[in-house]
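Participant: Swiss-Prot lists Asp314 with the feature active site, proton acceptor, giving sequence analysis as the kind of evidence. What Swiss-Prot records for Lys23, Ser24, Arg28, Ser170, Ser171, Gln172, Ser198, Asp314, Asn338, Lys342 is 3-phosphoshikimate binding site, and it gives sequence analysis as the kind of evidence. The phosphoenolpyruvate binding site annotation in Swiss-Prot covers Lys23, Gly97, Arg125, Gln172, Arg346, Arg388, Lys413, and the record cites sequence analysis as its basis.
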Amino acid sequence: MQESLTLHPIKLINGTLNLPGSKSVSNRALLLAALSEGKTRLTNLLDSDDVRHMLTALTALGVEYHLSSDRTVCEIIGLGGAFAASQPLELFLGNAGTAMRPLAAALCLTDGDIVLTGEPRMKERPIGHLVDALRQGGAKIDYLEQENYPPLRLHGGFQGGEISVDGSVSSQFLTALLMTAPLAAQDTQISIQGDLVSKPYIDITLHMMKAFGIDVRHENYQRFFVAGRQQYRSPGDYLVEGDASSASYFLAAAAIKGGVVRVTGVGRNSVQGDIRFADVLEKMGAIVRWGEDYIECERGELHAIDMDMNHIPDAAMTIATAALFAQGGTTTLRNIYNWRVKETDRLAAMAIELRKVGAEVEEGNDYIRITPPAKLKAAEIGTYNDHRMAMCFSLVALSDTPVTILDPKCTAKTFPDYFEQLARLSELA
């Protein structure tokens, strides 16, 4: 019997939420700290499945660290260079793309025999473009099951040099190459083929590499230049920003139902592109206020929009369920093909579940159109082992209709106590 959670209609949502640390920033910070010279103290680290997979892998690779009892402060003793794997290793990375992709690249600096594997869904998430790029730099990589997908066997060999990579599927491939390149024997020049998706996630990578002592030059995000034979240096203390994607559910809830919700841990100068989600809510009609360390949102009459969402693919999912509350017709979210290669095929899943609550949905190859019904229907929402599906569809309870979320614990990937926090800020009808 699958676990489920029924959310009863919410009359009002109000209060302040201190955001858990960003998944994207947490796993990048752990890897950079592990490769650095010196000791790094990471604060506001996210405690979630993806981060635990990264920590487990680092332990297997000989990295020493100390984690606080609440798992949000981590002191890491850096290796001062690439990992050394003296004996064959197999690392199980669950469904953590933010661990699989960067480690696949970083471990190609090390001669050895390392297998990277994960859950069945991980074996359906493409990694061929990254493997092709690493091979151009001299890496020796074998596919153990299906061509272009994990599991992978790595034998080192990455030297750098001239590399081209397809940017149209996932920005994590470029992130993985960028973070590895400074430790390569040669300088690396990376040319991007196709349109680079999720560009703001590359900005996170560049910003964090700089914090750890490495500068990267680029020409308008089309060519990147990284000097080889460098060393990452610990910044000493590094604060992990709150997760801007996690903020999206609470900001949207305020926009739909009000009161006023303030999320802290991100603000106007955040390194994460997903803070731009608040601009989309504002465009729909919500009232948004920005501080250095917070974003605040309150209800406005929401209107349908038609927008390119390539810059905020994760947070854009929240707009798909917010669209159920928009006046004036059909909301169209465009340029979101990369939803299809995430934790599940999010475009297909979103279309199926939106129809269950009564919406009219057109699902295109890289877009979705959503026309809300006059009244939402009560439904059981499948979550596809995808944390964002569970959190997005919790917003249905902001109507006068209850909603049942199947497998609510799947939020553990990024936000283990999401439903407790939602309940804390909610006043039931």
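Note: Cβ is positioned from N, Cα and C throughout, glycine not excepted.
Surface or core, plus neighbours and distances: that's what I need for these features.
Facilitator: Long-range neighbours of Asp314 (active site, proton acceptor) (same chain, six or more residues apart, CB within less than 8 Å of its CB): Ser245, Ser248, Asp274, Lys342, Arg388. A helical conformation is recorded for Asp314 (active site, proton acceptor) in the three-state DSSP classification.
DSSP gives Asn338 (3-phosphoshikimate binding site) a helix state.
Packing around Lys413 (phosphoenolpyruvate binding site) is summarised by its Cβ count: 23 other Cβ atoms lie within 10 angstroms of its Cβ, all protein chains included.
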Participant: How far apart, in Å, are the two Cα atoms that lie farthest from each other among Lys23, Ser24, Arg28, Ser170, Ser171, Gln172, Ser198, Asp314, Asn338, Lys342, the residues recorded as binding 3-phosphoshikimate?
Facilitator: 20
Participant: Between Lys23 (3-phosphoshikimate binding site) and Gln172 (phosphoenolpyruvate binding site), what is the CA-CA distance rounded to a whole number of Å?
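Facilitator: Checking the Cα atoms of Lys23 (3-phosphoshikimate binding site) and Gln172 (phosphoenolpyruvate binding site) gives a distance of 13 Å.
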Participant: Filter the binding-site residues Gly97, Arg125, Gln172, Arg346, Lys413 down to the ones within 10 angstroms of Ser198 (3-phosphoshikimate binding site), Cα to Cα, kept in sequence order.
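Facilitator: Checking each Cα against Ser198 (3-phosphoshikimate binding site), the hits are Gln172.
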Participant: For Gly97 (phosphoenolpyruvate binding site), which residues in the same chain are close in space, meaning a Cβ under 8 Å from its Cβ, but six or more apart along the sequence?
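Facilitator: In sequence order, the residues whose Cβ lies under 8 Å from that of Gly97 (phosphoenolpyruvate binding site) (at least 6 apart) are Met122, Arg125, Ser170, Gln172, Lys342.
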Participant: Among Arg125, Arg346, the binding-site residues in question, whose Cβ has the most other Cβ atoms within 10 Å in this structure?
Facilitator: Arg346
Participant: Using Lys413 (phosphoenolpyruvate binding site) as the reference point, find which of the binding-site residues Arg28, Ser171, Asn338 has the shortest Cα-to-Cα distance to it.
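Facilitator: Going through Arg28, Ser171, Asn338 one by one, the Cα closest to that of Lys413 (phosphoenolpyruvate binding site) is Arg28.
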